[in-house]
Amino acid sequence: MSKTVYILNGPNLNLLGKRQPEIYGHDTLEDVEANCRKVAGEFGLDCVLMQSNHEGQIIDWVHEAREKAAGIIINPAAFTHTSVAILDALNAFEGAVIEVHISNVHKRESFRHHSYVSLRADGVIAGLGVEGYALAMRRMGSLLA
C-alpha cells in the first residue's frame, strides 16, 4: 500500500500562472499537480493536491491528514506570516512537513520574512519557483522510504 502526501496550497494560488507571473511564473496549479504526481510515482507515493483561500479549510485538511497522510507539503502563501492556527494544526500532525514558497520570501517585503509554519516544518524550500514542489516531493520520498 502506498503512502499519501497532502499538498496544501493557500490563498491566491488558484491564480498561479495568471497572477504576478513576474514573481510566480507562468505554470499553473494544474502543472504543479502533474509534476508532483510524476515525482510521487517515482517513490511509490500518492499525492492529493488541494487549494483554498480560507484558513479554516486548510486547518481542516491538516486535521484530515492525521488519519490519511504520511506527509504534508504546504505552501500556506500569505497565511505563512499570520496563522498561528495553521501552526497549531501542523503541530498536531505526526508526519513529515515540508514548507514550500515559489518566490524567495526573504528577498521581498520585510513582513514576509517571518514564517509561523517554519516552526513546525522539517524543511523549507523557497525561491526556486514551482520546481520547489518537485524538490519537496523528492525529499518527502526520502523521508517516507
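Glycine residues also receive a Cβ, built from the backbone N, Cα and C atoms like all the rest.
Under the heading active site, proton acceptor, TrEMBL lists Tyr24. Taken from TrEMBL, the feature active site, proton donor applies to His101. Sequence annotations record features per position, and here TrEMBL assigns substrate binding site to Asn75, His81, Asp88, Ile102, Ser103, Arg112. The site 'Transition state stabilizer' annotation in TrEMBL covers Arg19.
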Listed binding-site residues (Asn75, Ser103), ranked by Cβ neighbours within 10 Å, top entry: Asn75
Same chain, 6+ residues apart, C-beta under 8 Å of the C-beta of Ile102 (substrate binding site), given in sequence order: Leu16, Ile23, Tyr24, Gly25, Asn75, Gly127, Leu128, Gly129, Val130, Gly132
Three-state secondary structure, which DSSP defines for Tyr24 (active site, proton acceptor): helix
Densest Cβ neighbourhood among Arg19, His81 (recorded positions), 10 Å radius: His81
Under 8 Å by Cβ from His101 (active site, proton donor), counting only residues of that chain that are 6 or more apart: Asn75, Thr80, Val124, Ile125, Ala126, Gly127, Gly132
